[in-house]
Amino acid sequence: MRAIFLVALALATMRESTAESLKLTKENFNETIAKSEIFLVKFYVDTCGYCQMLAPEWEKAANETIDNALMGEVDCHSQPELAANFSIRGYPTIILFRNGKEAEHYGGARTKDDIIKYIKANVGPAVTPASNAEEVTRAKEEHDVVCVGLTANNSTSLSTTLAEAAQSFRVSLKFFEAEPKLFPDEKPETIVVYRKGGEKEVYDGPMEVEKLTEFLQISRVAFGGEITPENYQYYSVIKRPVGWAMVKPNETASIELKESLTEVGKKMRSHMVVLWVNISKHPVWRDFGVPEDAKYPAFLAIHWGANYLHSTAEVVTRESLEKFILEFAAGRVEPTIKSLPVPEVETVDGKTTIVAKTMQKHLTSGKDMLILFFAPWCGHCKNFAPTFDKIAKEFDATDLIVAELDATANYVNSSTFTVTAFPTVFFVPNGGKPVVFEGERSFENVYEFVRKHVTTFKVSEKPANVTEEKKSEEENKSSKSNESNDSNESNVDKQDL
């Protein structure tokens, strides 16, 4: 009888918790998240400042009841196994589960309204059948971007491909599926994206999820739109080259270029996605390596981490911009590498200072490399510096390149090195892929990291310099002991006299 009562009480508690953030443990996790179509889970630790900032917004969102959706949280200090199961490496981490299975990580703003918007967008099917054209027209007024798949029925390849691809765009696009006869001006068996302001793009390529995903990533941004902190994430995932028009909105030349960007962006869409940024508000030119004496508007193309800069000796016009993009597409524009000057003496006490211009030389030297990416202003980097200097001296007489690079003043190829925080240390085996160092940044740990991955020579189990230091310490102790004895003997002699 008591057992039945406890079960009933637990179920009642669960029902009452539909408008709060449920506490999840390894014992109840799988069963609990399977109870709802959508379950948004926050992984946190109490000591994290960002977690503390998120907490009130999270609670406000959790207190609103949304059909078929629940919210929960995992304290990773008390539930380390759950944190490990989902490879939680930073806090807070928010993961969406759909029908009990991990679907995606939440990367939006951490406010109540944004969280609720995200949850609502993920409830129900990603693609809605449209029974008439007016339904789509109303959606175009309510949403910034609307996507319509024009197909005969829901069993076509277009329908199944769109349904799968749409899962990743629920927040940024509103999806419909409709019979072609409802849109007589459009080509049947195509996918049409409508953006506010009257812009439209059509996909009639292969019905493959990967190709359609690339199209949707591009088509949700305007032909020549402004990049802002709110939409930056949309541009950051585009695989096609992205061109940045850097403008000063109050200057005539910038106004003229900005007014032409929609037409230029539409014309050049197959080569490049064009955007503009107000450098008076967002001085991105500093990070892109644009010279301080550059004339504005300026233009920079970015592709696979490399920068391609339009001449900054003259202002960019519509004509020069179109010419530049076509030259770029033809492979006739060389990348502009942001780099500090090459130091006169590159290696001091075993540590090599690398700049962007010399990176490739060292990567192809035939040697293994241990490289530190740092920022001059970073406190953790300053604390780690003596340890890294000690490592450099330890391997000074070996074939290992122990190097450092100022990642704020030099171009870092993101396809080779993923640097998301400072300091970051990689071991690069000769001809191999970089391996990131993880763990406490102690001399012993870094030394063992090198010993584990080195390929061009053998590393002893114990560091040579540490052994020498211990030997030196013992000798110093012995010397001091002898000096003390000598002093005592001297005093005795004086007393005897």
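Keep in mind that glycine also has a Cβ here, set from the backbone N, Cα and C atoms.
Only one of CYS48, CYS76 is recorded by Swiss-Prot as the disulfide partner of CYS51: CYS48. Non-local neighbourhood of CYS51 (disulfide bond): TYR44, VAL45, TYR91, PRO92, each in the same chain, at least six residues away, with C-beta under 8 Å from its C-beta. Straight-line distance linking the Cα atoms of CYS378 (active site, nucleophile) and CYS48 (disulfide bond), rounded to a whole number, equals 19 Å. Ranking the recorded positions CYS48, ASN63, ASN153, ASN278, ASN413 by Cα distance from GLY379 (site 'Contributes to redox potential value') puts CYS48 first. Taking ASN413 (N-linked glycosylation site) as the reference point, none of the recorded positions ASN30, CYS48, ASN63, ASN154, ASN250, ASN278 has a C-alpha atom within 10 Å of its C-alpha. Each residue in the domain 'Thioredoxin 1' (15-124) gets a DSSP state, and the totals come to 41 helix, 29 strand, 40 coil. Considering only the recorded positions ASN63, ASN154, ASN250, CYS381, ASN30 (N-linked glycosylation site) has ASN63 as its nearest partner by CA-CA distance.
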